[in-house]
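Novice: The structure's right below; bear with me while I get my questions together.
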Amino acid sequence: MPAQEANKIVHLSHPSGAKVEIALFGATVTSWSVDGKERLFVSEKAVRDGSKAIRGGIPLVFPIFGTKEKIQLPQHGFARNSYWEYIGLLTDNDEVAVRFALKDNQLDSQLRKGWPHSFRLTYTVTLTAKSLKTVLVVKNEDEDTFEFNTLLHTYFRIPDISKVAVEGLTDRKYIDKVENAAVSTEERAKVTIASEVDRIYCDAPDSLHLYYGGPDSIAIEKTGLKDTVVWNPWIEKSKGMGDFGDEEYHNMVCVEVGSVADWVKLGGGATWTGGQTLTIQ
Ligand code: BG6
């Protein structure tokens, strides 16, 4: 892919002043601003030349989460590392939207070998005055069923991690990746972060709330997706990531809605839809 492709960005503005930017590389939302304030975190060290996934914004995880023993694909799959096709602009009442698509024949042969299925992904990013909606549609263009995981890996920009609280996860089981995948139950009404956190909350509620210590807060609504990952790399992991500043963990938290604990099974010819709406309140 020519280097200039890597920098192709679609800009979308709402009459209210809200704005969003989406890189064709990964169809990664790299900026969302409401009331003149940036809501998403992108690392100052993020690589933007198309050689690796963009560290921040909303990378799209598909068709695997993490790595899988028998599937030869890069961590979190290929959607965030592929160039998507820009389909067009849609407007309706008080919202504006843009749509992107990715088909198996746009992947290089190595990736197609790693996941040998015919598919079409459609990703729609919709902006209103106060909200951002990102919806993924997966169409199985094979005759046989295939299985996938997917996740919207949202990096929220926050002034100070010590002020962050995620509300709505009480009593939910989580797989703790920091504790060798031990399964525990969340007891807190508000999840706060004071060390490395990497948890898959299974069957998480569709409505969560992110308080970040600012004058407003963010409602996170998911549809068609079962789980929610909460991630902050903290001190040591931050130092180990070449595309992330040592101190940047103070200014980001990932709350990632997805279906990752179990495979989603999609029959031949069938279509699946999942997404999220983030609303400033
Ligand atoms: C999270 C995972 O979703 O993504 C973490 O739960 C992982 O384990 C993180 O470290 C970042 O992954 P990557 O591939 O973007 O470095």
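Using N, Cα and C of the backbone, Cβ positions are placed for all residues, glycine too.
Annotations per TrEMBL:
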{"type": "ACT_SITE", "residues": "His153", "note": "active site"}
{"type": "ACT_SITE", "residues": "Glu256", "note": "active site"}
{"type": "BINDING", "residues": "Arg55, Gln75, Arg80", "note": "substrate binding site"}
Novice: In Å, how large is the greatest distance between any two Cα atoms among Arg55, Gln75, Arg80, the listed binders of substrate?
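Specialist: Per the listed residues, the maximum Cα distance equals 13 Å.
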Novice: With every protein chain in view, what's the tally of Cβ atoms within 10 Å of the Cβ of Glu256 (active site), excluding that atom itself?
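Specialist: Glu256 (active site): 24 neighbouring Cβ atoms within 10 Å.
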Novice: Around the substrate site formed by Arg55, Gln75, Arg80, list the extra residues of the same chain whose Cβ is within 8 Å of the site's Cβ centroid.
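Specialist: Near the substrate site, beyond Arg55, Gln75, Arg80, sit Lys52, Ala53, Ile54, Pro59, His76, Asn81, His153.
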Novice: By CA distance, which of the recorded positions (Arg55, Gln75, Glu256) lies nearest to His153 (active site)?
Specialist: Glu256
Novice: Where ligand 1 binds, which of the binding-site residues Arg55, Gln75, Arg80 are close by, with Cβ under 6 Å?
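Specialist: With ligand 1 as the reference and 6 Å as the Cβ limit, the list reads Gln75.
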Novice: Check the DSSP secondary structure of Arg80 (substrate binding site), expressed as helix, strand or coil.
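Specialist: Going by the DSSP assignment, Arg80 (substrate binding site) falls within a helical segment, counted as helix.
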Novice: Tell me the Cα distance separating Glu256 (active site) from Gln75 (substrate binding site), rounded to the nearest angstrom.
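Specialist: Answer for this pair: 16 Å between alpha carbons.
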Novice: About how far apart, in whole Å, are the alpha carbons (Cα) of Glu256 (active site) and Arg80 (substrate binding site)?
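Specialist: Counting only the Cα atoms, the answer is 14 Å.
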Novice: In sequence order, what residues of the same chain, 6+ apart, have a Cβ less than 8 Å from the Cβ of Arg80 (substrate binding site)?
Specialist: Gly26, Thr28, Ala53, Ile54, Pro59, Leu60, Val61, Phe62, His153
Novice: Give me the non-local Cβ neighbours of Arg55 (substrate binding site): same chain, 6+ apart in sequence, Cβ-Cβ under 8 Å, ordered along the sequence.
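Specialist: Sequence-distant Cβ neighbours: Val42, Ser43, Lys45, Ala46, Val47, Met241, Asp243, Phe244.
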Novice: With every protein chain in view, what's the tally of Cβ atoms within 10 Å of the Cβ of His153 (active site), excluding that atom itself?
Specialist: 23
